[in-house]
Amino acid sequence: MCIKVILSHCLKFRKSVVLEMQDPKSGVKSQPQRLVITAIPHAVTGEDIVNWLSERLLVDTEEARSVGSMLAALGYIYPLQQHKRLVIRADASLYRFQTPYFWPTQQWPVEDTDYAIYLAKRNIRKKGILELHEQEQYNHLHKWMNHKWDFIVMQAKEQYRAAKERKKPDRVVFECQERAYWVVHRPPPGTVSAMDFGLERRADPNANQVQGEETGKLAHSSFLIPLSRNFSRCSLFSVVSLVKYSSTYQSHDPFLSRPLPSNPWHTDDATYWTLNSHNVETPTKQRVERWTFSFAELLSDPRGRDDFRLFLKKEFSGENLAFWESCEDLKWGTAATMKEKAEQIYKTFLARGAPRWINIDGKTMEITIKSLKHPHRYVLDAAQTHIYMLMKKDSYGRYLKSPVFKETQKKAIAPEEHNDSQLEQNARTRRPSLSPIVLRQLEAERRAKMAAAAPVDITQVMSKLSRKPQ
Amino acid sequence: MCDQTFMAATFGPCESCGKPSPLMNIYIKNEAINYCSFCVELMACQGLQSGESVASLKRECESLKKKLEEERGKLNDVELHQVADKIEVLGALAIKTRRVLKGHGNKVLCMDWCKDKRRLVSSSQDGKVIVWDGFTLSKENGISVPCTWVMACAYAPTGCAVACGGLDNKCSKAVAMHTNYVSGCTFTNSDNQILTSSGDGSCALWDVESGQLLQSFHGHTADVLSLDLAPSETGNTFVSGGCDKKANVWDMRSGQNIQSFESHVSDINCVKYYPSGDAFASASDDATCRFYDLRADREVAVYQKDSVIFGASTVDFSLSGRLLFAGYNDYTINVWDVLKGTRSSILFGHENRVSRVRVSPDGTALCSASWDHTLRIWA
């Protein structure tokens, strides 16, 4: 986030809050600060700041303190004691509002030259007593700005002399303000700086858009597209469906209702994950409930998909799901294998007399076969959509009423809630889980084993037997 | 899921270059033309034709924009919180830090969960990418990337690979090459493709094995800072947000910009789909998060509060979509009630900016990455 951005938006609000705080009538109560014999006005206590913010922004104390600390971190308020820690403490410690001259809104570039002048001035005043990090900075600047050093020292002396001519209270205040300004912009080591902006963004959103020809035409064409679409006038309907979705899933949201047996992060017990793993034999009741929410939910859960596949096998329409899965594989596969896969799918599912021929309407079939002449990633999109809708509108409904599903529902387990007594012991026995790489390997091995142990084709055995010499 | 997600893209020979490819349908002066995405870009970048000038184009843009707003205004203007009035108010949330992951030596810029719900990958400013088991707090793997500001990292769906990108303009061993920094990357439904967004204003879809550019998406006029893939089973769209204050929805097959939303007043830092795929939320430097409904084609909620005066850098939804977790530059995470538009809770704990928040795949925990060198897992 670049400095120009931070300084335009939240800035206006921050500035107005800080100005409000300083209002003599409705702002934070101020009191004079006693410094030996002089009294310096307009000091406020941390507690008052926090209370004022709490009332004005309608938040609780902790948040008000956080907001106050951020204002301090940016340099709008500075502490009078412990000047290096830019946080607000909700007690009697004193703070003062920074003069607008030093506010970050002024957008002055913070120059090293100014810093060098400031350090030189402090050097003169305190006769060589600078903090360790300031001393290091001073030496560093002295080396790199050697060519300007005479100018810097001259400036420092001038400013020192001018300051001496001021009255004592003003002088003390100005010194505090300047010191606070430099704590913000040249933070001591080990502290977090709110001025840290990260990477500069390439485009400055606040610069008046000088639209070159290219960007102009691009923006122009980007408006043509939405206007040419017909959006359904279903604003109310879509908003209601969003609300409905949240309500449906609320009981499944671990942040809103306790998962059974327990949230692993609360109790350090990973049973919840083991019970809900991919290839578990009996799923939990909650999981089965989710399958009834939508067809997409059923397909996206591997255990649900397996159950559905079983159901389709019994109905002899397993090729639909197999086709859909192969299309997904084609869409998300590597570019190199694209052509091969498309041909394979055609041979298996679409060609006349194919072993797993799928039933799609004539028009879709025609379009698909035509596009297969130039196979690309989305060549089977139309056919895939057709089959998906078929499964969704037809098979899914029947699945939910089928004995396969009812069996699964009956067997589904409802785990008991864990009680919190085991917490400490659980924390000690946290076990690592298998790495996904290992899991993938195991899965591949398992599949290979299954393929190898496939039932023998009886016709081949018979023909071999018949050829054996009697 | 609405049936509107199933638009079959038209394929066929492009009307300008003749090559068969997925086509974009554009209307120029009320005439429909079908160009492939390359030709559309060419047309957009051509010099001004006679009778046009930058000023006249600008004027036409403004009038089109007004017309679009009018059309949108004709639709039933219902606010989300009005519809959600009858819903129960959420109880107090008791979310606490459960784990603190220490190990990065510099600002943590990005993180992503693995589908196994406990592993995560994080990347930081010093070029280190670390794979953690969040549950046992162990570091499983560490990679050193030869660039600073690794702003994007993603876990592959199978959990067997990780992609990262940043100031070196590349994503993961030069799979993706941009002309400016890579701000976001995500795997699509498989390990074989990566979608990236970049500071050069474009997004792109790459094939991992060959490094081939499969599709590019142009339309943003400034840095693209974030993108998110639609969660539907037939996921063919994604949304991107950028420094031009626009959030655009794209069709991955044709490269076409389907919808565009411009209601933020500053850079959009992060975009994230609602779990049903029919809406998305965006976080911006203007200290607000906004919620857009895709079918209604407009913004339906704004999440802002007087005490929130710093930009939001990241958002994510809880599993049901009822909660929106947003990380801000004032070191806090605000939890918003999506439907009612109010702030549910605020999470303190980080000591510097929160750069990324992500809910785990099964919704049991939230992980936040911060510039204070740590990651925190909340539940």
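If you go along the chain as it appears here, the first residue is 1 and each next one adds 1.
Note: Cβ is positioned from N, Cα and C throughout, glycine not excepted.
For the coiled coil (B:54-81), the mean pLDDT of the prediction comes to 72. TrEMBL lists B:54-81 with the feature coiled coil.
The repeat 'WD' annotation in TrEMBL covers B:101-133 (among others). Residue counts for the repeat 'WD' (B:101-133) under DSSP, split into helix (H, G, I), strand (E, B) and coil, are 0 helix, 20 strand, 13 coil.
Counting residues 6+ beyond its ends, the repeat 'WD' (B:175-216) has Cβ neighbours under 8 Å at 37, 149, 151-158, 160-161, 163-167, 169, 222-229, 235, 238, 240, 242, 250, 252-253, 255 in the same chain. Per TrEMBL, repeat 'WD' is recorded for B:175-216 (among others).
Under the heading repeat 'WD', TrEMBL lists B:217-260 (among others).
Counting only same-chain residues 6+ beyond the ends of the repeat 'WD' (B:261-302), those with a CB under 8 A from a CB of the stretch are 1-2, 4-5, 72, 75, 78-81, 225-232, 235, 239-243, 245-249, 308-317, 319-321, 324, 326-328, 336, 338, 341. What TrEMBL records for B:261-302 (among others) is repeat 'WD'.
Residues or ranges marked as repeat 'WD' in TrEMBL: B:314-346 (among others).
Marked as repeat 'WD' by TrEMBL: B:347-379 (among others). Using a Cβ-Cβ cut-off under 8 Å and counting only residues 6 or more beyond its ends in the same chain, the repeat 'WD' (B:347-379) has close neighbours at 95-102, 104-115, 117-118, 120, 122, 124, 132, 134, 313-320, 325-329, 331-335.
Per DSSP, the secondary structure of the repeat 'WD' (B:314-346) breaks down as 0 helix, 19 strand, 14 coil.
For the repeat 'WD' (B:314-346), the residues of the chain that approach it from at least six positions outside its boundaries are 80-81, 83-84, 87, 89-90, 92-93, 95, 269-276, 281-283, 287, 289, 291, 301-303, 305, 308, 352-359, 362-363, 366, 368, 370, 372, 378, judged by C-beta separation under 8 angstroms.
For the repeat 'WD' (B:347-379), the DSSP-based tally of helix, strand and coil residues reads 0 helix, 17 strand, 16 coil.
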